[in-house]
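Data first, discussion second: the structure below is written as structure tokens.
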Amino acid sequence: MALLGKFHPRARLLHARWATAADSNLLVPRVAEEEFLAVQAALPDSEAPFFHHAAYLDRLLCEQMEAKRKNSQEEGKTTSGGSTSSKTFDPAKLATFTIGGYLQALRRGNKRVHFILNRVLQVLWDCSELDWHKAEVMAEFGARSNALPPWVWYMVLPQLVSRVHHPDMSPLFLQLIQRVLVAHPHQAIWHVAHVRRSADKQRKEAGSNIQAGAARQDKHLHRTMVLYEKVMQGLARLAAINVPDGRTKLMLGTNGTEPLVGNFRILIPLQSLMTATAPRLQSLSDMQSPLNPFPDTIFAKTCLPEAEVYRSKEKPKKLVFVGEDGQHYPFLCKMERKGDLRKDGRMMMFGCMLNQLLEQSSAARKRNLQLVTFNVVILEEKCGLIEWVSNTKGMRHLIDDLWKKLRPGQQQMVRDIKTILDNSKDLHETFTKQILKRHPPIFHHWFTQIAPDPSVWLSYRTTFCRSQALWCMLGYIVGLGDRHGENILVDTSTGRVVHVDFDCLFCRGMQLERPETVPFRLTQNCVSALGVTGIEGSFRESCQVSMGVMRDKHNKETLRSVLQVYIADPLIEWQRLLPGKGQGETDPSAATQAARTHIGDIAKKLDGMVNVGPGLQGGSQPEALSVLSTALRQRGLLGVDRGVGLSVNGQVDELLKAAMCKRNLAAMYVGWQPWV
């Protein structure tokens with residue numbers, strides 16, 4: 001083997017990877033270490049030897065950590081547990097070598113940059129939570145992280161910002177955030193500025209420290225931050241303005257919105273301009289060479305003086321930035337008085353990461369499985385700026401237009417349907433024999449009307465089918481509810497599905513007074529748009545590919561790391577007021593525990609869990625079985641793990657049945673419009 005490695009070090013690396021795989025484990029740790037170190041010596045400028053060595057150590061570290069978790073749950077346990085191979089390494093060295101190995105790999109190439117960054121942050125978090133040689137681990141991270149260019153850390157800037165008040169990580173992360181802010185101020189300010197306006201005192205103080213430290217490093221940066229701060233304050237004031245009913249326009253320049261109509265120069269926060277891009281770098285010298293990760297920049301010079309007001313409950317405003325290139329860039333300025341806009345921002349962060357993982361899958365690339373994502377700038381916890389997605393229209397509005405054109409006067413009003421269902425003694429029978437019978441599927445006609453020729457029709461329908469499948473699977477994993485026809489948009493130029501409004505996450509819909517009983521929207525119109533095969537064929541295959549990518553063992557860890565921000569910075573709705581305390585004082589442990597519970601549920605879904613009632617159509621099934629979903633709801637088991645981890649295909653099949661089950665649809669609240 002040594003002779004082979006002398007002439008073919010990459011072959012020796014391949015042998016070491018195979019021999020140390022979890023399902024083989026043919027080499028004892030001492031020999032495995034010698035193999036990886038020998039390849040690193042032969043290929044000192046290559047990313048691969050350092051990455052695979054770190055991944056091997058990471059697996060051993062996970063074994064030791066899992067053993068410690070189990071032992072801590074059993075009273076009187078004193079044994080260290082873990083496998084024989086993992087016991088060979090000193091715990092402190094194993095953790096530091098893992099982090100050091102990953103970051104050394106990242107110094108030599110960026111092929112695996114997203115996985116490495118998210119995995120390193122996850123290891124840091126786990127070490128802090130388990131009190132796992134924290135001093136040594138944080139020291140190793142601090143020494144290695146400074147060797148990487150700032151644009152690398154920009155890729156996980158939202159996750160760094162979410163941990164700015166963590167007692168163990170705060171000093172290191174503050175330095176990294178300041179480095180990024182100095183190197184890429186126009187992009188980073190949009191991510192960082194809201195921390196200063198946080199309702200949490202510790203986060204607010206950390207935000208001030210970040211900006212003060214960065215300003216000390218760059219004298220000109222202070223003026224830039226003040227400019228952005230004024231514009232963001234104006235945006236927050238605009239979102240908070242209470243507009244009377246019936247008013248559709250709002251003039252800027254009053255009520256605190258004066259900064260928006262003045263002259264300024266700020267980067268327009270489009271997702272395309274806020275995303276760091278880098279070519280494939282494959283050596284130490286490449287990573288150290290100067291690189292501009294933001295080749296395209298468009299600055300705004302002012303806003304149009306008039307904003308459009310929408311009629312929804314919170315009265316969001318559509319304002320338009322005027323770019324220095326003369327183009328107009330619309331955004332939605334929104335206030336969620338009873339919600340938390342950080343959900344939308346984090347959902348888009350999760351979606352961007354999933355797009356990266358889909359890009360690495362040949363099956364997903366073949367089907368062009370990609371989410372349409374958009375930038376969400378958090379101005380405050382309840383206030384944000386959302387990038388406008390052009391050429392889109394709500395699915396419900398498209399279907400309503402078809403009814404008016406093809407079946408004028410035949411569509412029932414929602415209030416009339418509500419009256420019928422409220423007076424029904426058997427929801428299932430009323431829903432199937434009256435409501436559905438009077439409202440046959442019609443959405444498939446939209447594709448024939450909009451497409452100029454058969455090839456475009458096929459392209460639109462295929463794109464709709466695959467993008468809908470991807471959103472269905474993602475929606476189930478994160479527990480996305482409230483999927484009525486206005487929260488599902490369709491890009492009228494491509495047929496691609498776009499979802500908006502992510503306030504109802506983490507199976508919150510199952511906790512409503514009228515609980516949501518389906519995992520995602522797959523009503524008769526959604527099925528009719530798939531073509532004559534319905535859910536079979538392209539749609540089911542796309543569901544299986546999407547779920548397979550998310551359930552991949554490496555991808556699961558990456559997605560789990562992205563979700564860790566909810567533990568580091570929990571949502572407002574999870575914070576419970578402390579009894580006997582003053583107004584605004586909350587119990588941080590309650591919010592953290594809620595975050596752990598929800599992320600644990602997502603992890604179970606990624607292992608094959610199904611937590612919705614079985615989908616049974618009735619008719620040919622015995623009555624005792626056909627009402628099983630209703631019985632589950634009555635016993636309070638909706639949203640509970642049914643105890644079986646299914647295969648990808650089995651999980652997808654169960655979800656499709658539950659989503660299409662007419663008994664489940666009949667139990668949905670009327671505003672969701674399950675007949676549409």
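Heads up, the Cβ atoms here are built off N, Cα and C, so glycines get one too.
Unlike curated records, TrEMBL annotations are generated automatically.
What TrEMBL records for 68-77 is compositional bias 'Basic and acidic residues'. Sequence annotations record features per position, and here TrEMBL assigns compositional bias 'Low complexity' to 78-87. The feature domain 'FAT' is assigned by TrEMBL to 1-198. According to TrEMBL, the domain 'PI3K/PI4K catalytic' annotation covers 303-610. If you look up TrEMBL, you'll see 644-676 marked as domain 'FATC'. Among the features that TrEMBL reports, region 'Disordered' is placed at 68-87.
Within the chain, the domain 'FATC' (644-676) has long-range Cβ neighbours (under 8 A, six or more residues past its boundaries) at 396, 399, 414, 417-418, 421, 427-428, 430-432, 435-436, 439, 472-473, 476, 482-485, 512, 514, 516-525, 527, 535, 540, 543-544, 547-548, 551, 604, 607-610, 612-618, 626-627, 629-630, 633. DSSP places the residues of the domain 'FATC' (644-676) in helix, strand and coil in these numbers: 21 helix, 0 strand, 12 coil.
Across the domain 'PI3K/PI4K catalytic' (303-610), mean pLDDT in this model comes to 88.
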